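Data block below; observations after.
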């Protein structure tokens, strides 16, 4: 076992956004050396890592030579050059999560096929090479309205996903490979974060309940624990564990799921990294998701995933009609409320729906936390000067 | 009110040790720009601040010119040039805590006189200009054994404090101004962290109970909440608040106290900054002490000081007989225990009794946490390679 603490061991991180920034709190806590690659000179990770490299995450040579200079490689964003990861793995570097997991996940069609072939419950779907073949299937009544269209490779933060209720909804879709999925009339949208280390130890967090903003298609509240029956929670955690084991995943995996009216759990999609749905854990959990990711990829014992208190997370996204230097209006007002912690990601410029930060509300009583969360949401505004 | 978040506002921090490092987690969380001054090129704060300046904290010009380049100045160590702070304050810079508080605290004689003149309960004492006059008083039976000798200006981590039980204990004391204090046969050694902002809002943390290592005179366990009667806790928190108000303090103040056998609370000494006795708050409290310090000095609303769970802190100090490149033996073993979080300060070299880190143990049950804390203490060792 390597000595990670105050040593020369260096962890490489692909991506320097807010997820990486929060991961760096934990590398600092353990005094683990880090090196970060990000295309932006103003990346939130720029400070707090030991070495920052500016470069293109999708460029083979950039990622490969970055990887040659670290002892273990992880990422905080899926959009990285997989071929470089494969070459690095073949040359003996530990890359966690692995390029193989990433290949399955980066492509939404392959992800769905993976679930089906591993008997992981998911909604029915069909894969199409392009919009033309999808349109043909719709015209032949092989695919019926409504359905969910997903671009296989173009999706992030609501782009690349659309609910198609009729022909006119198909006008402005992204070109390229896509899937058409059954639209699930779900009762709840849930998520479970699961960690697995190279030894094969697996640990799941409590189930969280998600609420999406109707227009921006971004999470508005994440509530932990989800207000669901214990049997549903047990089932959701078991499915998350099944997914992690099926992938032979190392690191954190966020599993987003639907709970149907009938009480079934269907996997929607996964993210192989710390996730928005786990931010509540910084304040609410015994071990936060970023520390858990670090423990997992370093093959350290996994931490306790229970919550100390109830937790709710509200995203801080840029208000509509505001573009420019950011101001967090009423931030002092929300800081006066009980158990409220704002996290400011460090992006200087706001624009509509940009993820600028989040706020966690913790309380012994989850219903009290929910009330305060609503006050928070109604008070703070991310605007421009 | 200034806009601190993702703005050009810059907080200056004098000192770049572990306390500063943990304060930087919070400035990063709020995206507040920081500039740190420390004499060591390997200061734990070197990364994670926006700008690091290497320089002497006791040098007037260094501190003054550092201060001219920031919007607000604070410190994480008391040993700084006070004259420079005074000049900066006179020129309009906000320095929190103020030079006035620091003047009272840096000098242990003045600190005791301050308590007496403000009717703050403290042990009886006498001030001496040098060891010679103390010896004379002892020979004339004006000061009787046992007593506590404290150097007025030379104290840190057990140096500059001695229990004097007879003439031979007086042989190796530091020269210079000193006090002789009654030795209090205390029942408990307690501490209360109190925060006050410029508006005058005051907030105290729950009382913690401290246990010292018999030889190193460093804290071995800090236990929150202290296992004392509620009336004693109420009294201790009231005394801490009284001290903070008397100083007109801004920022965090750690008030160390004795609980006598009779149930009296006597103030021992204070530290005007985040403190070892408040480290448990990172994992156990709704608002940790570093965030609270930041809220206080920025005149933001103070956060909730209650605990989510019971917390115990164990210092990680260098083992005797080990000097050199540090290794944390059995760190993985303790990380497998429930609710255990190591904090590694980032000092590459260990030496006997050097503060290298700390471990927090949190649990719903304080007695369970106490058991785990003992296992932690008996397992982990800070040794050299």
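Yeah, the Cβs are placed from backbone N, Cα and C, and that goes for glycine too.
Those TrEMBL annotations? Automatic predictions, nothing curated.
What TrEMBL records for this protein:
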- A:108, A:150, A:181, A:182, A:183, A:184, A:189, A:268, A:269: ATP binding site (BINDING)
- A:112-298: domain 'ATP-grasp' (DOMAIN)
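Across the residues annotated as binding ATP (A:108, A:150, A:181, A:182, A:183, A:184, A:189, A:268, A:269), the two Cα atoms farthest apart lie 19 Å from each other. In the shown protein chains, 23 other C-beta atoms lie within 10 A of the C-beta of residue A:108 (ATP binding site). The Cβ of residue A:189 (ATP binding site) lies under 8 Å from the Cβ of A:209, A:210, A:211, A:212, A:256, A:257, A:258, A:259, A:268, each of these being in the same chain and 6 or more residues away along the sequence. Most Cβ neighbours within 10 Å, among the binding-site residues A:181, A:269: A:181 holds that distinction in the structure as shown. Here the Cβ of residue A:183 (ATP binding site) has 14 other Cβ atoms within 10 Å, regardless of which shown protein chain they belong to. Mean per-residue pLDDT, taken over the domain 'ATP-grasp' (A:112-298), amounts to 93. The DSSP secondary structure for residue A:189 (ATP binding site) is strand.
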